[in-house]
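> Below is one structure. I have some questions about it.
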Amino acid sequence: MLEKTLNWVVENLTGLGPWNYFIAFAVLILCGFGVPIPEDITLVAGGLVSGLGATDIAIMSLICFAGVLIGDATMYFIGKIFGYRIQRFKPMRRILTPERFESVQEQFSKYGIWVLFAARFMPGLRSPIFMASGMSQRVPFIHFLLMDGFAALISVPVWLLLGYYCAKSIPELIDKVKHGQSVMHIIILAIVVIAIVLVTKNHLAKKRKQKAEAQAKKKEAEAPADGNEEAELQVQDADAANDSAYANKDRID
């Protein structure tokens, strides 16, 4: 399948020259909408036509980066603007099922906005996660853009340059793509492990802080009580002294 796709790109797209910029941009936006077109293969194809001289790799990189971010941001704003009404529309309901939405919310509760970073490396889950982040109203757009953009700065150049440098040999390119997909899986695993460590560390720090605050409040509550007891003892001692003085005076009289 991959070999047929790349051979088709070589045979049909390399002759289109600059039109490949528009094609790559449009396809990447469609990928953002959840259309079942592999984003990584689209980026590899963009690098491939650049490696064969049909386009400039620098311009292709900028256009692909823009296409990725615009497609992702569109899904975010669809979720933010329409909210839960999205699920009334059958095509959107297929992308973001109630079960997926609940799962995404659970992940946000555990790992925060790092879920957005990891989503860039998760084909099939990317669109539901981005849409759910907008629906939840918990993720400001600037945070979304920063995390998605940071992840795209890794994924977009990797696939583009893979296609660019292996453009002369389709078999080698296929082998590199498969290897690259394995590397991406390792990256995802590493991200998950790091996120778990950070979340656990943060959770333990919060528990320690809460415990310290509780102990401080307990000491504050006990301090006045001790002071009152000491004052009462002093008053009792003074009263006893006065009583003793009056008794002595009465005996003298």
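Every residue, even glycine, has its Cβ placed from backbone N, Cα and C.
Bear in mind that the values here come from a model prediction, so they are computed numbers and not experimental data.
According to TrEMBL:
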- 211-222: compositional bias 'Basic and acidic residues' (COMPBIAS)
- 237-247: compositional bias 'Low complexity' (COMPBIAS)
- 37-164: domain 'VTT' (DOMAIN)
- 210-253: region 'Disordered' (REGION)
- 21-37: transmembrane segment (TRANSMEM)
- 57-78: transmembrane segment (TRANSMEM)
- 141-162: transmembrane segment (TRANSMEM)
- 182-200: transmembrane segment (TRANSMEM)
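Show me how these features fit into the structure around them.
Note on the transmembrane segment (21-37): residues 13, 43, 45-46, 55, 59-60, 63-64, 66-68, 70-75, 95, 126-128, 130 of its chain, located 6 or more positions outside it, place their CB under 8 angstroms from a CB of the stretch.
Among residues of the same chain six or more beyond the transmembrane segment (57-78), those with a C-beta under 8 A of the stretch's C-beta atoms are 20-21, 24-34, 39, 43, 46-47, 49-51, 86, 92, 126-127, 130-131, 133-134, 139, 141, 144-145, 148-149, 152-153, 155-157, 160-161, 164.
Same-chain neighbours of the transmembrane segment (141-162): 40, 43-44, 46-47, 50, 57, 60-61, 64-65, 68-69, 72-73, 76-77, 80, 113-114, 116-121, 130, 133-134, 173, 176-177, 180, 184, 187, counting only residues six or more beyond its ends whose CB sits under 8 Å from a CB of the stretch.
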> Within the domain 'VTT' (37-164), how many residues are helix, strand or coil going by DSSP?
105 helix, 0 strand, 23 coil
> Any idea what the model's mean pLDDT is for the domain 'VTT' (37-164)?
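Averaging the confidence scores along the domain 'VTT' (37-164) gives 83.
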> Going by DSSP assignments with H, G and I as helix and E and B as strand, what are the residue counts for the compositional bias 'Basic and acidic residues' (211-222)?
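Helix (H, G, I), strand (E, B), coil: 12 helix, 0 strand, 0 coil.
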